[in-house]
Amino acid sequence: MEGAPHGCPGADSAQAGRGASCQGCPNQKLCASGAGAAPDPAVEEIREKMKTVRHRILVLSGKGGVGKSTFSAHLAHGLAEDGDTQVALLDIDICGPSIPKIMGLEGEQVHQSGSGWSPVYVEDNLGVMSVGFLLSSPDDAVIWRGPKKNGMIKQFLRDVDWGDVDYLVIDTPPGTSDEHLSVVQYLAAAHIDGAVILTTPQEVALQDVRKEISFCHKVKLPIIGVVENMSGFICPKCKRESQIFPPTTGGAEAMCQALKIPLLGKVPLDPHIGKSCDKGQSFFVEAPDSPATAAYKSIIQRIREFCNSRQSHDENLISP
């Protein structure tokens, strides 16, 4: 919109013409009427771009601190263990990008090529993109309103040159915010396989996961399943399991049974996970015999099977 004020929510936003920043704008009445809204041409551009990506997976969480970014990183690592599988990891946690640190890519920068932004590669078959690569320092704060965040996500989806990719893993911020709405809107025409939702066993975390599940239902986003992280601690010496965060209401298992949502698995606590993330290395390499590694591998296999079954179903619908 010409003459739009700073903080403009955009003509296609639910707050168009009604937000606080709209007061005094010459376009306020036009936006409020809905006449100024028009289909975003970026949606079609992104659909074309995503034709080279076979599967798209969102990783969500109701709360911060439940291990969502750690899971996203290790999901990407696990999928990429097959050298013939091309994997991309996109970090859209705009205000809290931790993927560069976890993947050992701090200090890397984005490079522009003739076909778009080039991802930063961990391995030949594992590329990463994050707003963290655009910051001069990892300690810099990103203080952006919704429209600017949405523009950044649009640019990531439209302008990053992933090439032919089997899996695109998208790490999102906690909760249900502008970033989630934007990525679902922009990828709607391109098809999203589904979402993996992270939680811990406590009811205070599960309460927000129920909101996340409600969000998925409202925006028609398929749910691959729930992962219960920090599910227990297995002593490396005696092999006995202790509940560090005991589930007060039955944990993720009881919630999934009540809501008829698949429980993909439970990942126990392992001190090596945090150490691996701090060093920017794969936990699977650091602790291949850990019960947490076995839990991760089982969960990743279930996600892979879900995506393959969705692809087979879609191909059957398309075939004559």
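Every residue gets a Cβ built from N, Cα and C, even glycine.
According to Swiss-Prot, the protein carries these features:
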- Cys8, Cys22, Cys25, Cys31: [4Fe-4S] cluster 1 binding site (BINDING)
- Gly62, Lys63, Gly64, Gly65, Val66, Gly67, Lys68, Ser69: ATP binding site (BINDING)
- Cys235, Cys238: [4Fe-4S] cluster 2 binding site (BINDING)
- Met1: N-acetylmethionine (MOD_RES)
- Ser319: phosphoserine (MOD_RES)
Sorted by sequence, non-Gly62, Lys63, Gly64, Gly65, Val66, Gly67, Lys68, Ser69 residues with Cβ within 8 Å of centre, ATP = Ser61, Pro174, Leu198, Thr200, Ala205
Among Gly62, Gly64, Gly65, Gly67, the most crowded of the binding-site residues [Cβ within 10 Å] = Gly62
If you count the other CB atoms within 10 A of the CB of Cys25 ([4Fe-4S] cluster 1 binding site), including all protein chains displayed, you should get 17
Rounded Cα separation (Å) that holds between Gly62 (ATP binding site) and Cys235 ([4Fe-4S] cluster 2 binding site) | 29
Cα separation, Cys235 ([4Fe-4S] cluster 2 binding site) to Gly67 (ATP binding site) (Å, whole number) | 20
Looking at the binding-site residues Cys8, Cys22, Cys25, Val66, Ser69, which has the shortest Cα distance to Cys238 ([4Fe-4S] cluster 2 binding site)?
-> Val66
Starting from the Cβ of Cys22 ([4Fe-4S] cluster 1 binding site), draw a 10 Å sphere and report how many other Cβ atoms land inside it.
-> 21
